[in-house]
Amino acid sequence: MRSVVTGVGAYLPSKVVTNDDLAKFVDTSDEWIVERTGIRQRHQAADDQPVSDLAFEAAKEALAAAGKTAADVDLIIVATTTGDLTFPATATIVQRKLGAPVGVAFDVQAVCSGFVYAMSVADGFVARGHSKCALVIGAEAMTRLMDWSDRGTCVLFGDGAGAIVLEPGEGEGTTDDRGMLGFALRADGTKQDLLYVDGGPSTTGTVGKLRMLGNQVFKHAVVNISEAIHAAAGKAGVAVADVDWFIPHQANQRILQGVAHRCGIDEEKVISTVAIHANTSAASIPLAFAHGIKDGRIKKGDLLLLEAMGGGLTWGACVVRL
């Protein structure tokens, strides 16, 4: 039994913030941001728009694409760092908003790696017969964590949500099967100080602001993600060169290019949305996934490679045939 992606959805808040907009109140410029990150704009959620609203919209689109309704959903996993409340889980709030029946619903927090981690967990439920229709959602309002005086971080992030529907599918046990083929998940807590938020309910009692040592993160990202990519491909029984599309976490263009180059992935195979979405943390992979489907590049039967790295540090990769 494989867990098969049968629907993909995305949602972006209507407000677009350009680099020129940021340059009005922080010491930066469009040229400076583009040269270092490849980012040209990002979306920002409205003040009265919680993350569950973003997740809800992406989930509706994914369900429609899969030909399913909320009544079919028996598992919801939301990957987020910026949930509505300390508790309950944002997944339960999404469950209520969708009108889904009583089932399993919880959050996964691995920051930018969250969606890959959540996919792995959902795969375990579906492939073992514990779920017949799973929603996996990456949703973030990262702009809520920004220190708007820190030009090294505030220019990097945006808000949004993406979702996939996973359903069980029979296969022949080969790499031609549709579905999840291989995962590699990693974490190294000794690197916590490279990327974190300086707040929390049991420490400061505040939400906190995002802090990052960008150059150190870049160094670890390229090396560690590349290792995870080869590990996931090995578990899937495929070569990296066989991949049709590479859907990386949209951290910045330099990391995307660095990882692709190190792994020998042709630039034409890279789905990049960082210029228009910026870094949306756990939402970035499903947003890019949906973008590639909507523009006609990604098609049923294609072999996809997904990867991410986030605070913790956490990182991981997944090989899936659509």
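Any Cβ shown, glycine's included, is placed from N, Cα and C.
In this structure, Cys112 (active site) is part of a helix by DSSP. Counting every protein chain shown, the Cβ of Cys112 (active site) has 31 other Cβ atoms within 10 Å. Feature annotation from Swiss-Prot assigns active site to Cys112 (among others); the stated evidence is sequence analysis.
The active site annotation in Swiss-Prot covers His249 (among others) and rests on sequence analysis. Following the DSSP three-state reduction, the secondary structure of His249 (active site) is coil.
Around the Cβ of Asn279 (active site), the number of neighbouring Cβ atoms within 10 Å comes to 24. Sequence annotations record features per position, and here Swiss-Prot assigns active site to Asn279 (among others).
Sequence annotations record features per position, and here Swiss-Prot assigns region 'ACP-binding' to 250-254. Beyond the ends of the region 'ACP-binding' (250-254), by six or more residues, the same chain brings 36-39, 112, 156, 218, 221, 272-275, 277-280, 284-285, 287-288, 309 to within a C-beta distance below 8 angstroms of the stretch.
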**Message:** Let me check the 10 A CB neighbour count of His249 (active site). How many other CB atoms are there?
**Reply:** 33
